[in-house]
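*Asks:* There's a structure below that I have some questions on.
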């Protein structure tokens, strides 16, 4: 892609995200979401491959529908209450429509079907943007309206997202699709707690974005897109593969890694709210995700596939690992001991 075009699209992404997260009025928030959508589309379709064009088309149609629903819910609320302020969403029908719209924007079940297909058709760096940066504006809207939304509906969608994210990721061989279902599963945890502790949702999102960025940047560095290639990369940068193993286990939420912190705090908060059954259900469903994280980790570091066909071992690269990957990898695995300080900061 032309560097000038890339700069324009990147600046548009920053502008759209900033506009949405800093606005109090529904129209400016909607405008920011639209700028974001239009900026990411050329990044998805830049390879001109039919799969990339298909992914861009699916993304555009889904996001346009979700944006229309956001606008419709805000207009409906303004019609009944006279309020355009985001925090003043009080009309029940508007709240229901907005929940559906944001679920569609984020890829929460049952509006999740577009996300794995779009991620599969995108380059790894664009996939990283779709999994983290593009989810931040809808997450801030969810944060600002969390007091008005229906907790029972969000809990149902959260359990469904965690179940489907874990279940549908089990038989995947494409790494981008596995990470898409991982994202759906993590969003389930965030939706579960948003009505009771919105700050905890944001903490979960920040840590998820950090760990996902580490995984995507590592995979981009070793040029891997499916499990069969991942199995042969352990000779390429052994130290990076070892950190990929730990980051994947952190994404799974295993102690004593960073990813255990948000799950621990969410289960603790759900217990305080007397939602023992919901806490037990979501904890058991996260074991499904644990299986495919372990599968990825196993393929990344431990062994070659157990069959006799010859695999071309890759040359050990002399290219140094980027500083950003090193910093993110360390933070993705070692922040649990300072969790009281992190929680106090949020």
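Each residue, glycine too, has its Cβ placed from N, Cα and C.
The domain 'NADH:quinone oxidoreductase/Mrp antiporter transmembrane' feature in TrEMBL is assigned to 23-288. Marked as domain 'NADH dehydrogenase subunit 2 C-terminal' by TrEMBL: 290-343. Feature annotation from TrEMBL assigns signal peptide to 1-20. Feature annotation from TrEMBL assigns transmembrane segment to 59-79, 91-115, 152-171, 178-197, 203-222, 243-264, 276-304, 325-345.
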*Asks:* The domain 'NADH dehydrogenase subunit 2 C-terminal' (290-343): mean pLDDT?
*Replies:* 77
*Asks:* Using a Cβ distance cut-off of under 8 Å, indicate which of 91-115, 178-197, 243-264, 276-304, 325-345 has the most pairs with the transmembrane segment (203-222).
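*Replies:* The stretch I would name here is 243-264.
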*Asks:* What else in the chain is close to the transmembrane segment (276-304), if you only count residues 6 or more beyond its ends and a Cβ gap under 8 Å?
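*Replies:* Distant contacts of the transmembrane segment (276-304): 155, 158-159, 162-163, 165-167, 169-170, 172, 175, 178, 181-182, 185, 188-189, 192, 227, 230-234, 241-242, 244-245, 248-249, 251-254, 263, 266-267, 270, 311.
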*Asks:* State, in range form, which of 91-115, 243-264, 325-345 has the highest count of Cβ pairs under 8 Å to the transmembrane segment (178-197).
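*Replies:* It is 91-115, which has the most Cβ pairs under 8 Å.
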